[in-house]
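A.B. asks: Take a look at the following structure, please.
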């Protein structure tokens with residue numbers, strides 16, 4: 001009670017200075033947090049992109065808008081800026097510049113052979129403006145270097161051992177007594193055709209080298225032309241490696257490479273092509289093309305898959321698509337692979353089935369659609385669907401087999417006097433008429449090959465076609481004994497002993513001298529070298545059977 005009596009006057013609040021709602025025991029000023037061990041970096045605020053760009057090319061309207069402008073039936077020029085114009089024709093969208101040797105395109109080898117229906121973006125040229133004082137790269141000009149870098153072309157290579165320059169191959173090769181000449185046309189720049197040893201010499205350092213031009217799904221693009229010339233600046237051969245969709249038709253790629261670059265393909269293995277620049281090539285006088293600064297939008301083409309394709313009704317097409325669901329694919333295509341044998345495989349598969357399916361799982365949709373468009377023209381065939389990442393094709397009504405329907409029977413006239421043949425003089429007229437109906441006309445070269453095989457006992461002509469298994473096996477065993485005896489026998493060498501100074505060698509007459517055709521006729525020269533090795537084959541003649549061996553033996557005896 002004494003404590004209560006000592007308190008101040010009643011009604012006076014002794015805790016009026018404390019804030020309401022807070023614990024009086026808590027501290028009024030909290031301690032600040034400890035600083036981080038690593039200071040937090042201060043980044044500048046992000047730049048705001050301007051909505052209104054000066055050039056309409058950077059707006060990319062084909063990705064953000066539904067731009068669609070139909071193309072007139074006649075095609076022709078759809079936009080022009082003085083002498084520079086944009087064309088639309090059967091080869092797609094092309095660009096015409098003054099003084100250009102041909103119409104420029106984004107891709108020369110992979111443009112569909114169908115006229116486009118519409119364009120997806122406003123027609124403008126993807127090249128730098130002609131008023132620019134220097135090539136437009138989108139960046140400010142570099143500062144001038146104080147170092148003077150020597151520039152060499154193919155006719156003036158740097159001297160051996162000079163420092164500060166890159167390796168440059170010598171021009172040529174030139175035949176003995178020939179020198180480089182300034183050429184303007186393609187024939188003058190290429191010069192004389194290369195010989196086999198020259199091709200070996202040029203290709204050998206590139207076989208295991210990874211310095212190459214990669215050609216992908218877009219095919220031969222416009223900017224690759226300048227890239228090939230940059231390779232030719234220091235090397236005489238440019239190695240081009242092709243992968244993906246363009247490898248279905250390698251002949252088309254090689255043709256465009258030679259036409260647009262002016263070079264010559266000297267070797268080709270699979271998807272790898274070796275492009276020779278020419279004997280009289282000069283980098284300074286090369287054709288200089290403007291560089292495309294962006295990829296133009298692809299135009300709109302007709303649909304590849306139709307509900308009722310050519311020669312089929314909608315019900316028949318749906319029935320084929322149902323059957324194709326359970327059909328096994330003939331092959332599985334890998335992404336960015338080499339599809340050189342695809343056309344041949346599809347043609348062979350059509351011999352056994354009217355429907356063929358190719359598995360393209362894992363590939364881009366645009367890739368296997370391009371494959372289907374190429375197969376439609378090359379095989380040819382009718383496309384039915386791209387469902388489940390698989391190409392389903394029908395061989396069409398106008399399909400023709402690669403092999404003749406009737407079995408080819410070879411008939412030789414009586415004056416050939418083939419020992420294994422049969423004489424048809426005793427047959428009746430009806431039998432002759434029946435046999436003539438089954439005869440298939442063959443080329444004279446094939447007839448000569450059959451005749452040579454029969455005379456050399458490498459083939460046999462059966463008197464009867466309808467033989468049983470046992471009778472046919474007996475014929476085969478008899479023929480094996482005859483053919484082996486002929487194959488392992490060699491010509492005899494007879495030496496005359498009348499005079500020591502003159503020796504006569506009598507051998508059997510070679511059949512190759514009596515034949516009309518030669519080795520050059522049998523094997524036609526291909527435009528491109530497909531073999532991977534240039535090594536010559538060794539002769540199969542037995543040792544000691546050549547005339548030079550007899551002369552050497554005679555000299556040894558003396």
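Placement of Cβ uses the backbone N, Cα and C atoms for every residue, glycine included.
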A.B. asks: Among 444-494, 495-545, where does TrEMBL put the label region 'Disordered'?
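C.D. replies: The range carrying the region 'Disordered' annotation in TrEMBL is 495-545.
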A.B. asks: When DSSP states are grouped into helix, strand and coil, how many residues of the domain 'CRM' (310-406) land in each?
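C.D. replies: So the domain 'CRM' (310-406) is made up of 37 helix, 16 strand, 44 coil.
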A.B. asks: For the compositional bias 'Pro residues' (30-47), give the DSSP counts of helix residues, strand residues and coil residues.
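C.D. replies: Tallied per class, the compositional bias 'Pro residues' (30-47) gives 0 helix, 0 strand, 18 coil.
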